[in-house]
Ligand code: NAD
């Protein structure tokens, strides 16, 4: 396990179990060089503990990179709550998880992620202050969508030299919390939408409310559009799907869109501009981090809109070195984290 931690650059790994509540949880703290680790908690089933540990470590590292590029005073962390196979009381289990978070004394701040919801955050908040996304704070998806919209504008400006989105054709995969909000913003800006979701009701709603054209989930990669906007699952950019894409730009909210660095190389070779996922989707993290630090809404909004300029700057850097945008993003995040590691710790 130490080898696994070392290769991910992980600082610490914590375990907690309580037979009384059924909680079995892991918190992975990638680093606290720039401030307390922040990141969501997952509540899903795992085949075994090793799979849960691997997930926690991988996700914590991703959060560090995201916080670093977003310029937030945080390291990355992630919690994994293994869904019990036996009967359990969800509220009590979340309150127990809050005690786990609290036991780390502020080294880790938790948030919503796959399988958790606002009511869970409210329960966690009964046991710790180190939690975001409670009812009082609101849904980070709105900020994520605003950041993605700002990122699409920057990408269209850089790649196509067009300052507004009037008539720009965007193919959206996934119309969930983020995807539908992005679709609304794009529609208001005059963009043309092709949309897909595995839930046909969401596609019908977008057709009726936004004048979008519904596309089957299998065919969304084949749409002849300006922008492909993945807002559903991760790992969708494979050699096969990249070959089918007929767009100039990929800019969407989904986490871990590239299956590996080779996929980034392929996009670069094909001349498709790729907005690194953890930069364009950092609006939600910016929202929760600054909400937790009690910043004003206007300050938060401005910081989210800053994703536009951050992407433009990254694109110029990648162009000047003729290298894939995902590699430049990783290189920058690693340099920021490394620089911070050389200074005295700023842990809460
Ligand atoms: P969500 O669960 O609300 O929405 C996902 C949508 O994708 C659902 O409507 C689902 O039916 C659809 N979907 C799933 N598989 C699909 C497929 N094969 N084809 C088409 N549609 C499919 O999730 P969300 O909160 O909107 O997040 C979307 C993505 O953005 C996720 O990858 C998430 O990790 C990432 N993300 C979200 C946030 C946030 O603030 N919510 C922040 C950063 C990153």
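Glycine residues also receive a Cβ, built from the backbone N, Cα and C atoms like all the rest.
Features reported for this protein in TrEMBL:
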- 78: active site, proton donor/acceptor (ACT_SITE)
- 174, 175, 176, 177, 178, 179: NAD(+) binding site (BINDING)
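Shown here: features listed in TrEMBL, placed on the structure.
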residue : record                             : DSSP (3 states)
78      : active site, proton donor/acceptor : strand
174     : NAD(+) binding site                : coil
179     : NAD(+) binding site                : helix
Practice task
From the recorded positions listed here (78, 175, 176, 177, 178), select those whose CB sits under 6 A from an atom of ligand 1.
Solution key: 175, 176, 177, 178
Practice task
Looking only at C-alpha atoms, tell me how far residue 176 (NAD(+) binding site) is from the residue listed as 'active site, proton donor/acceptor', rounded to the nearest Å.
Solution key: 22
Practice task
Looking only at C-alpha atoms, tell me how far residue 177 (NAD(+) binding site) is from residue 78 (active site, proton donor/acceptor), rounded to the nearest Å.
Solution key: 21
Practice task
Tell me the Cβ neighbour count for residue 179 (NAD(+) binding site), meaning other Cβ atoms within 10 Å of its Cβ, over all protein chains shown.
Solution key: 27
Practice task
Determine the Cβ neighbour count for residue 175 (NAD(+) binding site): the number of other Cβ atoms within 10 Å of its Cβ.
Solution key: 26
Fill in the blank from the handout: One should report the C-alpha separation between the residue listed as 'active site, proton donor/acceptor' and residue 178 (NAD(+) binding site), rounded to whole angstrom, as 21
Exercise for the section: Tell me the Cβ neighbour count for residue 176 (NAD(+) binding site), meaning other Cβ atoms within 10 Å of its Cβ, over all protein chains shown. Expected result: 15
Exercise for the section: Taking the Cβ of residue 178 (NAD(+) binding site) as the reference point, list residues of the same chain whose Cβ is under 8 angstroms away and which are at least six residues distant in sequence. Expected result: 141, 144, 145, 148, 231, 253, 281
Completion exercise
Row residue 177 (NAD(+) binding site), column other C-beta within 10 angstroms, all chains, value 17
